[in-house]
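Structure, as structure tokens:
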Amino acid sequence: MKLYQALRNVDKFRTVFDFGGRDVAHWFPGHMAKGLKQMRASLRSVDCIIEIHDARIPFSGRNPVFQETLDVRPHVLILNKMDLADLSSKQRILKKLEKDGVRNVLFTDCLKQRHDNIKKLVPMVMEIIGSTPRFNRDENTNYCLMVIGVPNVGKSSLINSLRRTNLQKGRASRVGGEPGITKAVLTKIQVCERPIMHLLDTPGVLPPKIESVETGMKLALCGSILDHLVGEDIIADYLLYSLNRLGKFSYVEKYDLQEPSDDIQYLLKRIAVKLGKTQRVKAITGVGNITVTLPNYTAAAYDFIRAFRKGELGRVMLD
Ligand SMILES: Nc1nc2c(ncn2[C@@H]2O[C@H](COP(=O)(O)OP(=O)(O)OP(=O)(O)O)[C@@H](O)[C@H]2O)c(=O)[nH]1
């Protein structure tokens with residue numbers, strides 16, 4: 001995509017997104033409150049909290065209930081899916097997090113077979129625990145960590161990655177493409193032999209109250225809220241708005257457009273035609289029956305969102 005071509009359009013892009021008076025209350029399934037309660041109850045036996053969040057939204061959608069635990073236990077924030085994130089402003093992110101009291105941050109890509117930062121986690125945790133008086137069991141050399149995070153952020157993948165790295169063992173935790181796959185509450189899984197370290201895997205929990213519709217939309221875009229609860233069409237529109245705002249125009253070439261567009265209907269039509277996601281519908285008109293070809297907007301929206309989540313539309317920073 002030629003930059004000058006794209007820049008010609010910049011004035012045409014929306015500068016704010018119209019959420020159309022949406023209410024996020026129903027995006028938070030009730031069963032998550034139960035998960036949170038169980039996690040709180042288990043905190044006593046935990047030496048360190050590993051909070052995992054999406055690197056594309058380092059400030060949005062972290063559960064404030066998790067943040068409360070920061071004062072209670074040592075804490076590491078893992079910003080996962082770094083392969084999908086534009087980390088050119090990494091220093092700004094780290095500074096802002098530090099201002100918010102988050103000092104131990106690690107960026108990870110859990111899909112990589114061997115990732116250096118995954119190797120760093122155990123030593124980092126040991127150092128943090130070592131510099132904090134151990135609360136409950138001075139003599140005990142076994143460590144217990146709790147992994148927390150919003151749905152679909154990669155908790156299971158992290159655990160599997162740690163086991164691969166530290167124990168040369170395979171999968172212990174089921175990885176899923178849909179939010180809410182980790183259903184069994186608090187499974188204890190060993191991730192290291194020396195020292196003996198266990199992790200409590202927890203179900204993904206969303207904040208009880210999502211701070212704004214925009215935060216909800218960012219969580220949805222990153223796959224933490226079931227698409228149909230929010231609506232594929234609006235997620236796709238928010239994605240287009242975000243890509244344009246960030247100047248990420250690789251969708252133009254991918255979908256054979258002439259130039260960037262801010263019109264989601266137009267884009268979805270093009271995607272539907274390109275991918276053959278169209279339906280032939282019989283229409284009865286005043287002059288007889290005709291067959292028209294209609295784009296399947298929902299299927300096209302889904303494809304657009306999926307391409308983004310696979311990283312095919314470029315790396316982004318949504319915060
Ligand atoms: N690109 C990318 N994808 C990842 C990464 N880590 C995990 N994923 C993918 O994200 C999806 C969710 O991963 P899981 O490990 O099941 O996430 P989870 O947090 O355990 O999910 P819940 O059980 O729903 O809470 C899967 O499709 C993973 O393959 C990463 O570092 N990069």
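Placed from the backbone N, Cα and C atoms, the Cβ positions cover glycine too.
Because TrEMBL annotations are produced automatically, they should be read as predictions rather than curated entries.
In the record from TrEMBL, residues Asn80, Lys81, Met82, Asp83, Asn152, Val153, Gly154, Lys155, Ser156, Ser157 bind GTP; the candidate from Gly21, Gly130, Gly204, Gly216 listed for the same site is Gly204. Across the residues annotated as binding GTP (Asn80, Lys81, Met82, Asp83, Asn152, Val153, Gly154, Lys155, Ser156, Ser157, Gly204), the two Cα atoms farthest apart lie 21 Å from each other. Its Cβ taken as reference, Gly154 (GTP binding site) is surrounded by 24 other Cβ atoms within 10 Å in the chains shown.
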